[in-house]
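**Student:** Here it is, the structure, as structure tokens.
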Amino acid sequence: APDWSKIPAREITVFHAGATSFEWIGSEHPGASIVKAGQPCIICHETKKGLDYTAKKLAPREPDAQAMPKTVSFPVSVQAAVEKGTLNVRLSFKPPADSKTGSDADNELKAAIMLLDIKVPQAKLAGCWTSCHKDMRGMPGGDAKKGKYVSAGSFELLQWKSGKTSAALPAGVKVESGKDGDRTTVTFSRKLGGAVVEGRSVPFGIAIHANRAAGRMHYVSLGYRLGIGGAPGEVQAAKQ
């Protein structure tokens, strides 16, 4: 395993997006021209104090007013390293305790990273929440039978579940977890290959379901890049 004490951590804030989708990057949004110019959302919205946006603006898009948690965002510490041909990504976070209790009876907590490719529109700019959730179950006007988009091959979902039944993982992927007080650490390990190789910037996102949340009732990140082998990226996968 990598020596995490020698690897710098990048803090990424995850937020409860409510029922918002790609309308945040439409022409009515003041930052639309910046997105069209190829700049990511974090250029404007990420600050040293976390995400800079008004959480109350999410409320009108939330059909269930009681679903909005008191804690609308929280930080996740992200580290990455390449060791012996394997990419390791480590998430460390303190899940909020005031989220509305969800419907997942089997898992109190879930954490996931999504590794995206160019098939997902706006992946490297805004993050997967702008592209994947507009017509899914739980969204206003969404299809109750439509779940994840994994089968389309547009992104790779690496998920950890706190319950007794482990999440299904792609071949060559392992996950480990630990807990220190109220802080949870999850480490994903994936063999290099396919779209995830040295020299490539891999767009990725984070999703965390807290307090037995299910479906879209999760906290998500904006779009970031994982720089492997010195490639450009907000999170660098250092070689050990």
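The backbone N, Cα and C atoms fix where each Cβ goes, and this holds for glycine too.
As listed in Swiss-Prot for this protein:
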type	residues	note
BINDING	CYS41, CYS44, HIS45	heme c 1 binding site
BINDING	CYS128, CYS132, HIS133	heme c 2 binding site
**Student:** Please work out the number of neighbouring Cβ atoms within 10 Å of the Cβ of CYS44 (heme c 1 binding site), leaving out its own Cβ.
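**Tutor:** Counting Cβ neighbours of CYS44 (heme c 1 binding site) within 10 Å gives 14.
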**Student:** Tell me, how many other CB atoms lie within 10 A of the CB of CYS41 (heme c 1 binding site), whichever protein chain they belong to?
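**Tutor:** Other Cβ atoms within 10 Å of CYS41 (heme c 1 binding site): 23.
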